Every structure is written in C-alpha cells, then in structure tokens.
Amino acid sequence: MANPRNEPRDPSGGDDFDIPFDLPSETSAPRPRAGGIAARAAALANPGGPAAAGGVYLDGLNPEQRAAVEATEGPVLVLAGAGTGKTRVLTTRIAHILSLGRAWPSQILAVTFTNKAAREMKERIGAMVGEQVEGMPWLGTFHSIGVRMLRKHAELVGLRSGFTILDTDDQIRLLKQLLQAEGIDEKRWPARLLANTIDGWKNRGLSPSQVPAGEGASFANGRGQKLYTDYQARLKALNAVDFGDLLLESIRLLRENADVLADYHRRFRYILVDEYQDTNVAQYLWLRLLAQGSHNVCCVGDDDQSIYGWRGAEVDNILRFESDFPGATVVRLERNYRSTGHILGAAAHLIAHNEGRLGKTLFSEGETGEKVTVTGAWDSQEEARAIGEEIEQIQRQGSTLSQMAILVRASFQMREFEERFVTLGLNYRVVGGPRFYERAEIRDALAYLRVIASPTDDLAFERIVNVPKRGLGDAALRQIHDHARAAGVPLVEAARQLVGSEALKPKVRLTLRDLVGSFDRWRGQMTSMPQHELAEIVLDESGYTEMWQKDRSAEATGRLDNLKELVRAMEPFENLIGFLEHISLVMDTEGAAGQDAVNIMTLHSAKGLEFETVFLPGWEEGVFPNQRALDEQGRAGLEEERRLAYVGITRARRRAKVFFASNRRIHGLWQSSVPSRFLDELSESDVEVTESRGGSGWGGGQSGRYGYGPSRFDEAQTFGSSYSTPGWQRAQNAARADERGSGPSGGGYSGGGRAGGAGSGFSDSRPSRYAATAAARGRVIEGELVARSSGSASSFKRGDRVFHQKFGYGDVTGVEGNKLTVQFDKAGEKKLVDSFVAAV
DNA sequence: TTCTCTCGAGTTTTT
DNA sequence: CTCGAGAGAA
C-alpha cells in the first residue's frame with residue numbers, strides 16, 4: 001500500500017502482516033489516522049491540545065526515570081528496584097517515542113511475560129497517547145508475538161498456518177503415547193518428567209540435535225534425545241506446537257530466513273522488554289536476533305526480583321546485558337515510592353546477603369513508618385490464628401481487607417488460613433491457583449469445539465470420546481487408533497470409516513455413529529450461528545452439561561458456572577476459529593475482584609503487586625527457604641529463596657509482618673522447625689520482635705543453627721495453645737482429638753501470659769537438648785551448611801524412652817529411617833520424625 | 001468398561 | 001494427611 005509519507009512509514013497499513021485469526025480488538029483496530037505525525041508534533045508543541053496528555057507526560061518523572069525515558073537510542077538497561085516506577089518508565093518511554101514521531105506504533109516491539117502485564121501496559125499507554133495504542137500490534141507476551149510470527153510464516157518452519165497450540169495437558173498425553181510406543185516404564189520415567197526435561201531444553205533454545213549428549217542420555221537410559229526428536233516429529237505431523245516451540249520455532253524462522261529477519265529488523269525500530277530478569281535463554285536469543293536491527297533495545301528489570309530460575313529464567317541475562325549490548329546505557333531506579341523506611345531497610349539488609357547481584361540501594365523519602373514485625377507462634381495453627389487477629393484489628397483501624405495480603409511460600413500453607421478465616425467469617429480470596437482454561441471442564445468443552453473446528457485434532461478427540469462416559473473406552477479407542485494408523489487418516493475420519501464397517505461391536509458402533517453424526521451436525525451449524533450459541537448446543541447435546549448436573553460432588557456447581565462463563569467469554573469473538581486461536585494464549589482468570597477480602601497467595605504470584613499490609617508466615621528453615629530449593633540448587637537456590645523473601649517484604653507499603661511457627665505438620669507428621677535464617681538477615685534496627693502469645697520460657701525445641709550460627713530467634717518461640725479451643729475444624733479425626741487432650745495446653749488463645757515471653761531467650765542461647773540429633777542430619781553444600789536431609793537413619797531404636805514437646809513422654813515402638821512410631825503415655829501412638837523427640 | 005482400592009509422592013508458574 | 005494415578009475386581 002502506498003504511503004504518501006517518506007519517513008517513517010507505517011508498515012502495518014495494509015501490509016501482509018495481518019493475519020486471519022486476530023483478536024477482534026486487533027482486527028477492528030483503527031489504523032493510525034492520516035496526519036498522525038503532525039498531530040503528535042502538535043501535541044508536543046501544544047500541551048493544551050487534544051493529545052495533551054502526551055505533552056506533560058515527562059513532568060512527573062524523577063531525573064533517573066526521565067533519563068531512562070529519554071535515552072531512546074541504543075541499548076538501554078533500566079535497573080528498576082521494587083516500587084521505583086518501572087512500568088511508568090516503560091509506558092512513558094513508548095509514549096515519548098511516539099510523540100517524537102520516531103516510530104509508528106506498529107514499529108515498536110514491546111514484550112512482557114504475562115497477558116496481564118501486556119494489558120496493563122496497553123491501558124497505560126492508551127491513557128497517555130490515546131487511540132494510537134490500538135496501532136500497537138506488537139505489544140504482547142513473548143509467546144503471543146511468537147505465534148504471530150509463526151502464523152505468518154508457518155510454512156517456512158514446516159507448519160500450516162492453522163496449527164494448534166498444545167497446552168501442558170495435551171503435551172503430556174502425547175508424551176505418554178510415545179513412552180508407551182517405546183515400551184518405556186512410565187512409572188520409572190513419568191511423562192511429566194519428560195515434559196519438564198523437554199521444556200527445559202526448549203527454554204535453553206536447544207533443538208533435539210543440539211541437546212548435549214550427556215543430558216539426552218539422562219532420561220530413560222539414554223533415550224531422552226530420541227524421545228525429544230520423536231516428539232517434535234509427532235507435533236509436526238499433528239500440525240501442532242507446544243509453548244516452547246512458539247519461541248524455538250520463531251528463532252529457527254529468523255535464523256534460517258534472512259529475508260524474514262531483515263523484514264523484522266526494518267519493522268522494529270524500538271524494542272522494549274519488561275521483567276528482563278525473567279527471560280530464559282530462548283527468549284534472550286530471540287530478542288538478540290531482533291535487536292540486531294536497530295539496536296534500540298531497552299530492557300527493564302530487577303535482578304533482585306529474579307524468582308523464576310527454576311523454570312529457566314537466567315538472571316545471567318540481566319547481569320550480562322552490558323557485555324551483550326556494548327555501549328549500553330544503564331539507568332538505576334532506586335527511589336522507592338511504595339514502602340516506608342523500615343520496610344525498605346529490612347529488605348535491603350536481607351538482599352545484601354546475596355552475592356551475584358548488580359547492586360542497588362533503594363531509598364525512600366517518605367516516612368520511616370512502623371518497624372517490620374517478627375512474631376513466633378507455637379505452631380501453624382496459632383500462626384493462622386494470630387494473623388487472623390491482626391487482620392481484624394487492622395480492619396477495625398479502618399483498613400479494608402483488600403489492602404492486606406498473606407504471602408506464603410507454598411500453597412499447602414494456605415489451607416490453614418482458609419480454615420481459620422472460614423471460622424472467623426473473614427472474607428478471603430485465594431489469588432492464583434488453576435487458571436480458568438486449565439480447568440478440566442473448560443478443557444473438555446474446548447476439546448469438543450476443537451474437534452468441530454478442526455476434524456484433524458486427534459488430541460482433542462481423544463480427550464472427549466468418552467467424556468461423558470458413553471461406553472467408548474480403551475478398547476474402542478485402540479480400534480480407532482489402529483484403523484487411523486492403517487488408513488493414514490485422523491481419528492475422527494477413522495471413526496467415521498469404522499462406523500460404516502462391521503469391525504466394531506454393535507453397541508460401540510451405534511454410540512460412535514451418534515458421536516460422529518453429532519460432530520458433523522455441529523460442524524454444519526458452525527457457520528450458521530454465533531459460536532457461543534453453538535457451544536451451548538454442543539455442551540447440551542453431548543450430554544456434557546448433564547454429566548455435571550448429575551454429579552453431586554461439591555465442585556460440580558462451580559464447574560457448571562465455569563462452563564457458563566466460558567460461553568459468555570466466547571461472545572465477543574468473530575467466530576469459533578478466532579476464539580480458539582486466542583484461548584490458549586490469552587485466556588486468564590481475571591477473577592471478579594468483587595467484595596472486600598483478604599488476599600492469600602504465593603510469593604511468586606505476588607510479584608508486581610503491592611499492599612498496605614503484608615503478612616509473611618512460615619519463615620522457617622525447610623519451608624522458607626524451601627528445603628528442596630536448597631537440596632537441588634545449593635547456593636543458587638538459597639539466593640533465589642532470598643530474592644523471594646525480598647519480593648515479599650517489598651510488596652508492603654506500610655506494614656510488613658513476618659511470622660514463624662515452631663511446629664508444623666508436614667505430610668501428616670508433626671515437625672518442629674527452626675526459625676528461618678532470613679529472619680536474622682533483617683536489620684535489627686528495622687525489626688520489632690512482637691512475641692505474640694505468652695511464652696513459657698521453654699525456649700525453642702531445636703536451637704542451634706545447624707552450622708550457620710546462633711539466631712536471635714532461636715528461643716523466641718512461645719506457647720499459645722491452639723489445642724484447647726472449641727473444635728473449629730470440621731470433621732476432626734481421632735488423632736487430632738488426642739492431641740487436644742494431651743497438649744501442653746495454655747488454656748485458650750490469649751493464654752500463657754506475656755511474662756518472660758518476648759526476647760527472654762534472646763541473649764542466652766542455651767545449647768539445645770536436641771542439638772545432637774539435629775546435627776547428625778546436617779548437610780553441607782559448597783562448604784556451607786545450607787541443607788538438611790530428612791532421609792537419614794535414626795539414632796533411636798525400639799524401646800527408647802523419649803520426650804516430645806507436645807505429646808509428653810513415650811516409648812519408641814518402631815523405627816523406619818528417621819521416622820519413629822512412638823507410644824506416648826498420654827497421647828497414644830504417633831508417627832513422627834525423630835528430630836523432634838529427645839531421648840530421656 | 002467402570003468402579004474401587006492401594007500406592008506413592010508431596011515448591012514455586014506462564015505461556 | 002490428602003490427592004491423583006494406575007492396577008485389579010465387578
């Protein structure tokens with residue numbers, strides 16, 4: 001299309017980059033109006049004009065932010081600490097580039113990790129530059145931009161444009177089939193593990209042939225690499241890609257087709273990357289390829305907030321930026337606008353314990369505020385109880401529940417809070433959890449729609465042949481499979497052919513005929529009615545809705561609601577194909593914010609959010625830092641855990657409240673625990689130890705820091721009894737009842753009295769009576785004792801007389817590794833880990 | 001084919 | 001303890 005202007009020219013104006021399956025918002029997006037540049041220039045010159053927002057956008061920035069925005073040319077790394085206005089810089093920078101007329105909206109590539117981040121960025125840019133943002137087709141997640149490229153050039157990487165994107169579930173089912181075909185024992189080598197392994201390779205940008213020999217051999221006695229090769233072949237045959245391929249294949253596309261790459265180089269004048277510390281190798285390679293064009297690449301990130309190493313993120317990417325992009329401008333944003341002085345101080349002191357970091361010191365000009373509190377609880381139930389109380393108290397002081405959040409390390413910790421809040425009648429909302437489109441009922445429904453839209457989608461067909469149960473089980477499916485392979489046709493077609501033959505049992509044949517007939521019928525209706533109406537008909541006629549209506553389990557109604565929600569979500573799309581195209585990448589929960597409620601979520605999902613008050617429970621060795629992270633990743637794992645702690649604290653605007661419990665039930669066993677080393681890494685001057693509930697002066701069970709020095713929290717553990725309270729849990733089992741009967745009950749929540757509680761054990765660090773047992777279980781990594789193994793043999797034997805803090809005295813009646821069976825005098829028989837009983 | 005039971009494992013999560 | 005997945009029984 002001819003463009004009257006010389007430079008810059010907007011390539012999106014009718015060029016062949018448009019693809020058929022866009023979101024409605026994109027296809028209907030108005031192209032930049034004629035005179036865009038003039039209008040923008042006018043806006044700059046005349047801040048009072050219609051596009052005035054652009055004229056003043058630089059005003060509110062601090063000098064560093066402004067520098068980051070104005071350094072438009074060449075590589076720029078913005079090290080943006082927590083709460084320093086990272087998103088603001090990113091969005092303002094885009095607005096700035098547009099306002100200066102340096103590029104058309106369609107010439108800016110802006111990548112984020114999540115759809116949520118992309119959406120937010122779009123909104124904020126929109127607020128600054130108005131409709132122009134609609135012309136930014138290249139603002140999106142790595143994956144969605146990858147898809148866009150691949151759809152356009154599918155044939156260059158051996159795909160057809162309508163390829164399907166497999167989610168994790170499909171992926172696993174496919175791999176299971178491969179494992180079976182190879183005769184590999186799925187118990188020893190689970191498909192899940194293979195999926196993770198392959199994902200790991202893909203994250204590192206490795207195609208099957210590039211997998212290092214040693215690693216390829218690590219799975220299933222050397223067959224890992226072959227399986228990966230087979231898997232890729234199978235994907236191609238199905239005209240499908242998985243998430244990793246979206247990047248890997250894009251990279252291949254760009255590498256192997258110089259003309260395509262040149263095209264994108266010409267197109268992308270400015271590249272911006274959010275959360276750069278989270279990029280993996282594949283994403284890095286992809287970016288580097290594209291950045292070779294203009295060199296105007298701006299990465300924003302915070303090495304201290306890199307918490308996704310375990311899924312392939314390479315902190316190294318951000319640490320290496322300056323050598324990767326020579327001549328890079330580095331801007332540090334250290335002025336924090338979020339948290340009070342004490343919170344920042346505590347967080348800074350903590351994170352300073354990490355070695356591999358670029359180093360930033362956050363400062364705030366705001367008030368010092370309240371100190372970070374550290375509170376010890378006897379066990380996890382009391383911890384939940386104490387937090388519940390604090391929440392109610394803060395609420396009484398006028399805060400809303402939504403301004404508070406409980407951030408846990410692992411989701412098993414959430415349960416206790418949920419139970420507690422249910423009894424308190426306190427509204428809470430669990431953020432995160434299974435994504436909407438990951439729910440079984442949604443995927444089933446989608447599978448039906450996929451088969452309708454694309455009769456060659458074997459995986460989708462397999463998923464729902466027998467859902468709801470209609471008597472088409474393994475045997476029938478195998479027959480269809482065999483026939484499909486023999487005839488070289490997709491499953492649906494094979495089914496159709498079998499129905500016409502005599503090969504099937506009469507009953508099966510009839511059922512299958514109905515099913516195939518239904519699909520044909522629905523497919524016929526696809527063009528004659530809106531997709532959401534079709535979906536309703538399909539769910540109804542297939543018996544799927546009925547299946548859940550008959551289900552009397554607790555979740556059934558929720559599932560039906562989800563299905564309704566799905567139907568509703570389909571409405572805005574142009575057609576079924578358009579809907580399916582984007583569902584796999586762009587559908588997220590976006591849970592109704594709804595009523596005022598306390599937020600409960602993992603530390604990971606809290607990244608990027610902020611709250612007035614943040615509760616951080618479970619700061620105990622093993623839980624946080626997480627034992628497995630330590631065992632598997634050693635020092636690197638510890639540092640990532642520490643960054644997680646840093647992320648947690650810096651979520652707080654006004655109050656950060658840390659908790660630890662001396663006892664916690666993990667996998668059904670009561671374990672006593674040691675306060676987290678991170679507690680000691682918080683600067684003392686920013687922390688206040690609020691010994692919550694009394695303290696009988698027993699001190700902690702296990703003190704002794706396992707080699708990393710005594711802690712000031714070792715004995716700051718207390719007894720507040722949770723055992724004597726009225727039964728607040730639902731069905732209590734016998735064991736729980738026993739505990740209540742025998743626990744060292746302090747007589748209610750408030751019990752115990754405060755005397756001698758706080759800090760009484762601070763200075764006098766008595767040697768623990770359990771130290772010997774504990775030390776035997778120590779584990780050294782890189783000369784530093786950072787981990788404890790739990791699998792070692794016990795030093796106890798049958799017949800030993802032992803003492804337990806909660807259950808009292810008893811006799812060992814059985815030993816299995818480090819797990820003991822103990823017959824307690826009062827509490828009855830218990831199974832527990834040896835480290836929390838002591839020999840007497 | 002489907003239901004029930006036993007066994008085993010058991011961070012973090014996006015796309 | 002608690003959930004999910006696979007193996008045996010109806």
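Every residue gets a Cβ built from N, Cα and C, even glycine.
All TrEMBL annotations are machine predictions without curation.
For A:1-12, the entry in TrEMBL reads compositional bias 'Basic and acidic residues'.
Annotation source TrEMBL lists region 'Disordered' at A:1-34 (among others).
Annotation source TrEMBL lists domain 'UvrD-like helicase ATP-binding' at A:59-340. Model confidence over the domain 'UvrD-like helicase ATP-binding' (A:59-340) stands at 92, taken as the mean pLDDT rounded to a whole number.
According to DSSP, A:T87 (ATP binding site) sits within a helical segment. The Cβ of A:T87 (ATP binding site) has 16 other Cβ atoms within 10 Å, all protein chains considered. According to TrEMBL, the feature ATP binding site maps to A:A80, A:G81, A:A82, A:G83, A:T84, A:G85, A:K86, A:T87.
The domain 'UvrD-like helicase C-terminal' feature in TrEMBL is assigned to A:341-608.
If you look up TrEMBL, you'll see A:690-767 (among others) marked as region 'Disordered'.
Feature annotation from TrEMBL assigns compositional bias 'Gly residues' to A:694-707 (among others).
If you look up TrEMBL, you'll see A:718-732 marked as compositional bias 'Polar residues'.
What TrEMBL lists as compositional bias 'Gly residues' is A:743-760 (among others).
Counting only same-chain residues six or more apart in sequence, the Cβ atoms lying under 8 angstroms from the Cβ of A:K86 (ATP binding site) belong to A:V78, A:A80, A:D274, A:V300, A:D302, A:L333. In terms of local Cβ density within 10 Å, A:G81 ranks first among the binding-site residues A:G81, A:G83, A:G85.
Apart from A:A80, A:G81, A:A82, A:G83, A:T84, A:G85, A:K86, A:T87, the ATP site neighbourhood in this chain, defined by C-beta within 8 angstroms of the site C-beta centre, holds A:V89, A:D302, A:L333, A:N336, A:Y337, A:R338. Of all the binding-site residues listed here (A:A80, A:A82), the one with the fewest other CB atoms within 10 A of its own CB is A:A82. Residue environment of A:T84 (ATP binding site) contains 25 other Cβ atoms, counted within 10 Å of its Cβ in all protein chains.
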